[in-house]
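According to TrEMBL, the protein has these features:
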DOMAIN    5-147  domain 'NADH:quinone oxidoreductase/Mrp antiporter transmembrane'
TRANSMEM  6-28  transmembrane segment
TRANSMEM  35-53  transmembrane segment
TRANSMEM  59-81  transmembrane segment
TRANSMEM  102-124  transmembrane segment
TRANSMEM  136-158  transmembrane segment
DOMAIN    156-273  domain 'NADH dehydrogenase subunit 5 C-terminal'
TRANSMEM  184-205  transmembrane segment
TRANSMEM  211-235  transmembrane segment
Amino acid sequence: FILGETCSALLLFISIMTMFMSGVVAIFEYDLKKIIALSTLSQLGMMMFSISLGLYELAFFHLLTHALFKALLFLCAGILIHGAGNTQDIRSFGGLSLNFPLVTVCMNLANLSLCGVPFLAGFYSKDLIVELACQYSWGIFVLLTMFICLSLTVLYSVRLTYLSFVGPYGGGTSISVCESGYSLVGPVVILSFTSLVSGPILSWLNFPAPVLIFLPVFLKWGALFFVGVSLLVMLSLQGLTYSYKWGAVSKFSGFMWFLPWLTGQGFSMKTLKNA
């Protein structure tokens, strides 16, 4: 490795804990922009995780695919915020699939690509990183944490889709006139097309020779298994998103595990108060 074993091990630990923390926080978040920002942080952790294993080309490949479907996700979120009365709270959405059918399809396509559903853009990079990571002897803890982080991505993506498009009406105002503007819908449709075809195209451009990976059956199907189980778990627990039984955990996660206070806000508060 270019970084050396010590730096690689440190980067591995930081990246995998970043993926875990951002995934857990996103599950208890209600701000649409914060959820997408936390998913970006999670995917950056995935790229650093790939770099820590020495898979630099795969990290760049995931950067390219992630840029396409995450741009689509941000544009769809902007249209929803604009059409829902400039609110970002997903609890005030609900049933937006009736008013925003095109945006619903495109945003769910971006979410599925983010989760690594087969044959979408995110699958070609994430699945390759996961399968190559299974060949390294970092121990069962690293592999299990990696699969849990993949599950967290599915959990907050399904939760976002349910509260925004499928769940009951949250009481906010919504207008569908924004879907009639080509300046808004045009880029969304183009990026949706790239989210479908960019995975294999970029894979062929970056890796001219086909990649063949031999793994045990339980590791080969591990990523898809965790994705499927996470989908079923969140669909069965969708009612808990409205309850207050997770108050302490939700508060702890909402403050990003108190990292903002420990790294900057606490120090600024003390110094500005004394000044």
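The backbone N, Cα and C atoms fix where each Cβ goes, glycine too.
Remember, TrEMBL labels are computer predictions, not curated facts.
On a predicted model such as this, the values are computed, not experimentally measured, just so you know.
Contact between the transmembrane segment (102-124) and the transmembrane segment (6-28) is not supported, since fewer than 3 Cβ pairs fall under 8 Å when only residues 6 or more apart in sequence are counted. Within the chain carrying the transmembrane segment (35-53), a Cβ under 8 angstroms from the stretch's Cβ atoms is held by residues 3, 8-9, 11-12, 14-16, 18-19, 22-23, 25-26, 29, 59, 62-63, 66, 70, 73-74, 77, 90, 114, 126, 129, 132-133, 136, 146, 149, 152-153, 156-157, 160, all 6 or more beyond its ends. Long-range neighbours of the transmembrane segment (136-158) within the same chain, counting only residues 6 or more positions beyond its ends whose Cβ lies under 8 Å from a Cβ of the stretch, are 12, 16, 19-20, 23-24, 26-27, 29, 35, 38-39, 42, 45-46, 49, 53, 111-112, 114-116, 126, 130, 219, 222-223, 226-227, 229-231, 233-235.
Across the domain 'NADH dehydrogenase subunit 5 C-terminal' (156-273), the model assigns an average pLDDT of 73.
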